[in-house]
Amino acid sequence: MKMLCWRLALWLAAWAVCGKPSFCSALDYDYTYDFTEEDKAEAIDYKDPCKAAVFWGDIALDDEDLKIFQIDRTIDLTQHSNERLGHNTGGFGEHGMSKKRGALYQLIERIRRFGSGFEQNNTSKGRTTVKFSGKNEKNRFPRAATSRTERIWPGGVIPYVIGGNFTGTQRAMFKQAMRHWEKYTCVTFIERSDEESYIVFTYRPCGCCSYVGRRGNGPQAISIGKNCDKFGIVVHELGHVIGFWHEHTRPDRDDHVTIIRENIQPGQEYNFLKMEPGEVNSLGEPYDFDSIMHYARNTFSRGMFLDTILPSRDDNGIRPAIGQRTRLSKGDIAQARKLYRCPACGETLQESTGNFSSPGFPNGYPSYTHCIWRISVTPGEKIVLNFTTMDLYKSSLCWYDYIEVRDGYWRKSPLLGRFCGDKLPEVLASSDSRMWIEFRSSSNWVGKGFAAVYEAICGGEIHKNEGQIQSPNYPDDYRPMKECVWKITVSENYNVGLTFQAFEIERHDNCAYDYLEIRDGMNENSPLIGHFCGYDKPEDIRSTSNTLWMKFVSDGTVNKAGFAANFFKEEMMCQPDNGGCEQRCVNTLGSYQCACDPGYELGPDKKSCEAACGGLLTKLNGTIPTPGWPKEYPPNKNCVWQVVAPTQYRISMKFEFFELEGNEVCKYDYVEIRSGLSSDSKLHGKFCGTEVPEVITSQYNNMRIEFRSDNTVSKKGFKAHFFSDKDECSKDNGGCQHECINTVGSYVCQCRNGFVLHENKHDCKEAECEQKIHSPNGIIMSPNWPDKYPSRKECTWEISATPGQRVKLTFNEFEIEQHQECAYDHLEVFDGESEKSPILGRLCGSKIPEPLIATGNKMFLRFISDASVQRKGFQATHSTECGGRLKAETKPKDLYSHAQFGDNNYPVQADCDWLLVAERGYRVELMFQTFEVEEEADCGYDYVELFDGHDKTAMRLGRFCGSGPPEEIYSAGETLLLHFHTDDTINKKGFHIRYRSIKYPDSVHTKK
């Protein structure tokens, strides 16, 4: 390959120059990073792109790089701000690069200090260009096309590992991004087995961050930091892994975009430097405005609506859009295919069924053709390939024209067969989820060619010691009406271990619709381990033999993302001597732990058991004191009482006396009360100090009380009484899927917000998220409130209040995924009956918004969540306010005194102003349909006052109370103000007015 496209070849050039370029796209996204202890537990010693000496723009440089790196320094660096770096769509803060005057100063100072081999040319206005001298430039910068090709991933195969601190939804999205690259290029991502070089998805302080190209000699990180877990952002980061740099840094960029430096945030100017022509070769590819690697127009901008990069107008006078983060552009695809020398013929097939054929089929294939098809389906599925036509030149050993089918992801995978001639091959099946088909022709013989069809088959027998199983079509939604059965067998004398990375199957308490069934053995009659559905990952599973049976079933309605699980062989650690445990040995994946029977506790050696306080209590009522009561409890005690009542009973605990060491923190001595018998059951409370806890009632028919004391201060302790009472909801939640509400002698089932009760009055189904609200006030909540709202949801609320009233929305709680432009999850509020009405606000984040008031009696809300981050959502109150600006038209409209007209009298202490406005040349006509306002001779208490204009300085048309004006009222002009006042005592029914606009030439205000 004589040349490499500039963006992809650039990292080769940089490697020849620097040896260690890096990209950190925390520059692109303004997110903070919360470092936790969990993040410190990364076991892989990978190359961390966040730990660079300095950054030049998006490039990480070390001390070695600084000696030989050249830049085009075309900006006045003396103007850099000393403030912390950041910008509207993305910040530089995650790098910790808030040092005075910016990290680029460190680079320039080091270059000046080394001196040798550089020329420094002073230009006008204090600007400086730092370049290599001519005698060194030729030797120090060989052409990128042939210098360091080892930075390309061999065969386009990129092994990966996803760190343990990502959720199942995030893992699924990472795989979707990798499959996106695979679909349009010949790059392949595989789960790492024993490869030396691979990438690690991790969560680092620099936010979104990656090296450019293959580092080699071990793992390298691709950091997906806080709020960077978006499909387009991950596709962008993977572009750097493959070899892409930013589009706007190519040498010819000034022919296509204009950098508006006065709009750039102080200290961020160096992010807009461009590369030297001698460092890259663009291969004649046009500038790609649509590239997923291009900065947006307002990146590092002083303000959201100020451009920092302005695209040049095209032939039609239109400025192209830049900065998209949704999919690969045609230019991205073309350049990746050139770098990795993808064959011009063939494609990546990812559907569950498909077909392909030789070029020109059935009219003959050309000579010297090379095509590659890669079939990639869901792990856990197998591929069945069937050739329907075969007509190739036949030669000995199929030397000239042939098709090779390989059982795997690349050209070195095991060969399933090499075919030529006109004999149809047997049906071929893969052992896993990938298949490689390569076609070559080197003869001049003309034949039809070939055609083939394939199908992905879920389930089957698996004889491997480790592997992965996923639901069909994962990470996308599984398909309806599927049934897949896997039979896993590992080596003899081992068990099967199963861990889940992601789990999202349609929720139902009895898993009646979609489910995953797992059995401890080889068939459907083996002991049941569990029926699983919902969104919680099942606990790690371990079989008792070397076989495990799994069945996945989906019905024809709701489809979810499904599951991803790893299986592996496991050794039974408790055998043959019970693990050295005195009483019970509990196998865990990769290890074991000792446990004791109720009434006993582990000794200091963690294997022996000794008598303890606590125990199993099965009476309907009784007393529980601390050890030594009424004297002080001893130090270093751990007591567990397990109270079990009959089915359909609940247990209540009431403390008579309470005195433990500690305060609100409860760090030293404490008592924990849980519903359930295990240490991870639902916690009702952790108590210490001297305040007596309130009465606690269990959810079910058992309760766990655990008391702990440390080795220092001891107090008198506590004395508590427990008693049991029958509860219809305690058995199987009364058969209710969501909530069971006890009533006298019975119970009712209730569903959470966003769900509706099934016809059987027990189950809950996801509801359509469309509500029409006509009540004057009420509560609006996000779906599944107060739990986190679901992903991929769109909900609307259409609020209609009494005509003449304005809808008001007040937020009580608010927590929606944060983004400066609310581009991901958000709530939109419109001033009218639909999303076409004027918008009142687009809301996200955790700050409670100010109340929103519509100009009329209608308001439209739309809530949208994407596929990744979920938050608690929102709860808001809708109500009404009187008054407002009303448009009078020729068709009559209604105006009511208050929102509950007809149901309740008007409120006291009200002051409402309605301004009725007609079109130019028209007047306003009022027709009183109903009028009942407190009567008084001078209308001094409650009254309606009319003004012939837009405010109260206009001529007053009258003040009315009692039964109101006897006839219609007209304005002289285009506006009429109606003022309604009530005092704090008597109130009446109110009024109903119909108003319209009419042509009326006279100045008379009442009808004669």
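Backbone N, Cα and C atoms are what each Cβ position is placed from, and that goes for glycine too.
Owing to the predicted nature of the structure, the values given are computational and were not obtained by experimental measurement.
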Swiss-Prot annotation, disulfide partner among C581, C585 for C574: C585
Of the candidates C740, C749, C764, the one sharing a disulfide with C751 in Swiss-Prot: C764
Residue, out of the disulfide-bonded residues C398, C751, C912, whose Cβ gathers the largest set of other Cβ atoms within 10 Å: C912
Number of Cβ atoms other than its own within 10 Å, given for C764 (disulfide bond): 21
For the domain 'EGF-like 2' (725-765), sequence-distant contacts whose Cβ falls under 8 Å of one of its Cβ atoms, 6 or more beyond its ends: 508-509, 512, 558, 647-650, 652, 699-701, 781-785, 787, 789-790, 793, 795
Candidates C209, C420, C533, C749 (disulfide-bonded residues) - the one closest to C371 (disulfide bond) by CA: C420
Shortest C-alpha distance to H240 (Zn(2+) binding site) - which of the disulfide-bonded residues C398, C420, C533, C749: C533
Which same-chain residues, if any, lie at least 6 apart from C420 (disulfide bond) yet have Cβ under 8 Å of it: L392, Y393, K394, S395, C398, Y400, D401, Y402, I403
Chain residues in Cβ proximity to the domain 'EGF-like 1' (570-610) (below 8 Å; excluding those fewer than six residues from its ends, i.e. six or more beyond): 494-497, 499, 540, 542, 616, 638, 640, 642
Secondary-structure category, per DSSP, in which C764 (disulfide bond) falls: strand
Composition by DSSP (helix, strand, coil) of residues within the domain 'EGF-like 1' (570-610): 3 helix, 16 strand, 22 coil
